[in-house]
Amino acid sequence: MIISSANDYREAARRRVPPFMFHYADGGSFSERTLERNVTDLADLALRQRVLKDMSQLDTEIELFGEKLAMPAVLAPVGACGMYARRGEVQAAQAAENKGIPFTLSTVSICPIEEVTAAIKRPMWFQLYVLKDRGFMKHVLERAKAAGCSTLVFTVDMPTPGARYRDRHSGMSGDYKEIRRALQAVTHPFWAWDVGIKGKPHTLGNVSAYTGKAVGLDDYVVWLGENFDPSISWKDLEWIRDFWDGPMVIKGILDPEDAKDAVRFGADGIVVSNHGGRQLDGALSSARALPSIADAVKGDIKILADSGIRNGLDIVRMLALGADATMLGRAFVYALGAAGKAGVENMLDIFKKEMHVAMTLTSNQKISDITRDALVDLSKL
């Protein structure tokens, strides 16, 4: 099929990847209203077109936590990327490096930290969940530190798992899931060969290294469910702040008061995020939550935003709402599932070209030029 956008990659991934993995990435929680609003609230923001400005020196580069980024985007942490393409985390990390942006490895990746860092030269970011097993948290932090990971992304919006009903229908969970997955693999032969056979092992590399035994997808669901910690508070994060030498980013902020707490805590950055609509259905979309958070803490802490970004125009919209940079999740997973490393590289090229168009036609020559003036207040029309 012809690929011209991230939406095309979604359709290509739907055809190529078995339903249990496609819907794991594509779905949200409960009735998926927040998942839907993440996309529509962002897309509904009208850009303010300005003309006859010299845009010949347009530049999408930024500096974030001491790193040069070719554009204000970071590949977000996504669990089990190695089930979308053969050793998928390695392929995605290499694509990000080639396009000049960071890659963030999930705690629950297929490829372990050391396998990914050995395949790239650029320091990657590492994401950690709040878990009851502090021994695991310390173990994986030590490994991330030893491997040269530059920035820690601490996800705080999962003290309990969201109700992802679509997973039960797709075969990711629920009755007879093993049989259903096997049948799906038979009907997706390219994936079965490239990922199912040549992409082994399909264990969670970081978790398996700690437990000393292979932890597969089914074990991972149980293990995570048992280890989510609803008692976590800011005080519990202090030892992590003390242990980690580099920048620390708190992911999962939707309220200005929580953003202020992150500043008081001493975090270097926050990610305005509702976990891609996979946790609390009915929560604000990131686009709706971002402006008040930016008003509260802009300049005191770096603000990243994710959830709902499907093209380069959406990146510009997030920046206009107050973000310093963005994180891309589903968009790169679709491209990874459809075409591996080459797909992710092409997707990032598409996003960058779309940013060029949006910046040119809103007359913003540099990323720092983009403010809310780039948006039209439709309520006044």
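Heads up, the Cβ atoms here are built off N, Cα and C, so glycines get one too.
Look at Swiss-Prot and you will find 1-380 tagged as domain 'FMN hydroxy acid dehydrogenase', backed by sequence analysis.
According to Swiss-Prot, the substrate binding site annotation covers Tyr24, Tyr129, Arg164, Arg278. Around Arg164 (substrate binding site), the C-beta neighbours below 8 angstroms that are at least 6 residues distant in the chain are Gly27, Gly28, Ser29, Met172, Ser173, Arg278.
Counting only residues at least six positions away in the same chain, the Cβ atoms of Leu290, Pro291, Ile293, Ala294, Asp295, Lys298, Ile303, Arg372 sit under 8 Å from the Cβ of Gly322 (FMN binding site). For Ser106, Gln127, Thr155, Lys251, 306-330, the entry in Swiss-Prot reads FMN binding site.
In the three-state DSSP classification, His275 (active site, proton acceptor) falls within a helix. Packing around His275 (active site, proton acceptor) is summarised by its Cβ count: 24 other Cβ atoms lie within 10 angstroms of its Cβ, all protein chains included. Per Swiss-Prot, the feature active site, proton acceptor maps to His275.
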Neighbouring CB atoms within 10 angstroms of the CB of Tyr24 (substrate binding site), all protein chains considered, total 25
Whole-number Å distance separating the Cα atoms of Thr326 (FMN binding site) and His275 (active site, proton acceptor) is 13
Sequence-ordered list of residues in the chain of Asp314 (FMN binding site) that lie 6 or more positions away and have a Cβ within less than 8 Å of its Cβ, or none, is Leu42, Ala43, Gly308
Here the Cα-Cα span from Arg310 (FMN binding site) to His275 (active site, proton acceptor), rounded to a whole number of angstrom, reaches 15
Out of the binding-site residues Arg278, Arg310, the residue with the smallest number of other Cβ atoms within 10 Å is Arg310
Ser106 (FMN binding site) and Tyr24 (substrate binding site), compared by Cα position, are separated in whole Å by 15
Once DSSP output is merged into helix, strand and coil, Tyr129 (substrate binding site) belongs to strand
